[in-house]
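Quick notes on the structure that follows.
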Amino acid sequence: MPSGALLFQSVILGLLLGGLYALLAAGLTLYFGIMRVVMIAHSAFLILAAYLAWWSHSRLGVDPLLSMVVTVPLFFGCGVLLQRLLLARLRPVTLTMMSVLLTFAIAVVIEGLLGYVFTGTQRRIQLGYGSASFGLFGARIAVVKLIAFGLAAVALAALYLLMKKTTFGWALRATIQHRDAARLVGIETDRVAGYGFGIGLATAAVGGTALALDTTIYPSLHWHWIGPLMAIIVVGGLGSVPGAAMAAMVLGLMQSLLQIPLGTTWAQTIFYLALFATLAFRPQGFFGGRLAQRF
Amino acid sequence: MPSASEPTTAPTAATAPAVTLARRPVGRIVPAVAVLVLAAAVLSFPSLAPNPYILSAGVVVLNYAVLSTSWNFVGGFTGYISLGHGALAGLGAYGTALLVTRAGLPSFVALAVAALLVAALAVPIGFAALRVRGASFVIVSIALVLILLLVFQSWASLTGGSRGLVVPRPFPGLLRPEHHRVFYFLFAGLLGLALLAWWLIDRSRFGLGLKAIREDEDKAEALGTPTFAYKLVVFVVSAGFTALAGGLYALWFGDLDPVFQFSILTGSYMVLMALLGGVRHLFGPVVGALVVGFALEYFKVEFGNTPLHLVATGLLLALVVLFMPDGVLPAIGGLLNRLSRPTQSSIREVTAAQLRDERAAASAAEGTRDRGDAAAATAGGRPQSTRERA
């Protein structure tokens, strides 16, 4: 039986990790809600943002957090273009399947280009405050992990406020709920969908920066993220943002706790076990609404 | 008009039905000839290959052809796109290798047993993946690759982990070129078997149900098609063939590494090949395998191990998805159709205005012909009646 302090440490780390998962899963859920698109390239953009943060730190000497000034608007633009120029061209009948392939292709291209430009060498940001940590009831918490969690929390809160309190968020939610009806009441659903994609990709920029702070990155890392993220959105119920956030916290916590007896590699399997169990026993997910029934 | 030439010139207005009548035997002969030519080309390749490297490239391409044809059982018939078939091939490969090395089974018995085991394993996987529609299926298929990579890398005591697993050769006495030649024919035989199975399903009532699922799953279900059972059965068949291809690859190549066996790229190659060739066609995946397999070998030679082959694969996949989602074969067919439209336009594609003009011309022709002999008039009467139906 592991000591109480170790358990407490794992719980804290799990919650911090879960926050990052929640932010990234929110982006995936947004895409799915808007267009029924499973965006495989989400985590590739995440790694791209992490590389840009690393690059700006090691080559330009700026704090990785400042790279967000560039990456967030850049990714927003990429998202809008991605939706308007590529995904909107696909046939509606086979959209779900073909969009998976298209975003998969984008992910592979990003991975290949990252490997070509930055080589396959593992990279890590060396920060002045990188090894700083503080104690809390016997648990050691690294400052960078806390910053990463803070970033994720702020971004999630901003996303929530945007969705609930602004006219744009109202239009976006209407588009997600019923596209035709939204168009009937005068919402320009195409433009809104494009912006929604931009916002989703902007969350990847924030997440990538947070990830770069305390993780060693390499081009093929995105496969390690897309699996857990997709498991999270299925367990949470495809298309449900609160569901995805809940599932992210729960699964992040479980992964962290299972690392004590099983080690890091086997602890990852919890995501896939949860995925298979959810699909076998409750295919619509645990927090899923109307959308999840048919997908 | 001289009456002697009347029987041959009169049916000018009747070309459309005449062609459709004539096309039916042609429609049967052309594929038969194509199959024969293809089979001859495939079987004569080993004696034409200038060196063992080319021959081994041929084996790789054939392996791809079997894999993408196996993938096409699910992707082509039901429209469910699996990115995880690479994992099934990897399971077949490791299953065969482990049964040979640990259980001491003869190579080809191990291959068959491994394929059966993978097919059995595909039942619970399919059960979880196919209960829901599209998106979840893709997610499960990707998750399958990732989870198996994790397991096979971590469980080093059984699988050898990242150090790899050496598979003893089934024919220890053979020199390397001979080894390639034997496996070339084995893969060709397996390809023939897979194509035959696809062809049989394509013609069957079962295949009709599967295609109904592809077109509209709700309607198919409403009409009484047992959609879930059909999807599961075809998924299991597909898994079996994929495992056979993977196992045969293990016996041929002789060295397995989890990173390559459980690579998401293998699955995406299968999808790319099948889509590129055309998922609705028997030979679509084979054509795609030829193109992609050749391109991959070319890239390996030109650019070595740089990650640029990833970029090329991704770009090709994106282009196919965006501009040619039906594949090369239908695109070529459409092109041929367009070029030869004047001679074989089908009756349905005639507009009302054209129909009116044609009728006027036909009745005018009939008027002149009535003065000729009666036999020509009845010949001219046939297109008239078919057009009425249209």
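Each residue, glycine too, has its Cβ placed from N, Cα and C.
Per TrEMBL, transmembrane segment is recorded for A:6-30 (among others).
Long-range contacts of the transmembrane segment (A:37-54) within the same chain: residues 24, 27-28, 31, 64-65, 67-68, 70-71, 75, 78, 87, 95-96, 99-100, 103-104, 106-107, 110-111, 114, 118, 123-125, 200-201, 204-209, 211-213, 215, 217, 219, 221-223, 225-226, 229-230, each at least 6 residues beyond the stretch ends and with a Cβ under 8 Å from a Cβ of the stretch. The annotation transmembrane segment is assigned in TrEMBL to A:37-54 (among others).
Marked as transmembrane segment by TrEMBL: A:66-87 (among others). Remote same-chain partners of the transmembrane segment (A:66-87), defined as residues 6 or more beyond its termini with a Cβ less than 8 Å from a stretch Cβ, comprise 34-35, 37, 45, 49, 52-53, 56-57, 95, 99, 102, 106, 190, 193-202, 204-206, 208-209.
Remote same-chain residues near the transmembrane segment (A:99-119) are listed as 35-45, 47-48, 51, 55, 82, 86-87, 90, 219-220, 222, 226 (criterion: CB distance under 8 Å, separation of at least six residues from the stretch ends). Look at TrEMBL and you will find A:99-119 (among others) tagged as transmembrane segment.
The transmembrane segment annotation in TrEMBL covers A:139-163 (among others). Remote same-chain residues near the transmembrane segment (A:139-163) are listed as 5, 8-9, 12-13, 15-16, 19-20, 22-23, 26, 65, 127, 129-133, 169, 172-173, 199, 203, 206-207, 209-211, 213-214, 241, 245 (criterion: CB distance under 8 Å, separation of at least six residues from the stretch ends).
Summarising the annotation, TrEMBL assigns transmembrane segment to A:192-213 (among others).
Within the same chain, residues 11, 14-15, 17-22, 24-26, 28-30, 32-33, 38, 40, 42-44, 46-47, 107, 156, 163, 176, 268, 270-272, 274-275, 278-279, 284-289, 291-292, 295 sit at least 6 positions outside the transmembrane segment (A:225-253) and bring their C-beta atoms closer than 8 Å to a C-beta of that stretch. What TrEMBL lists as transmembrane segment is A:225-253 (among others).
Residues or ranges marked as transmembrane segment by TrEMBL: A:260-281 (among others).
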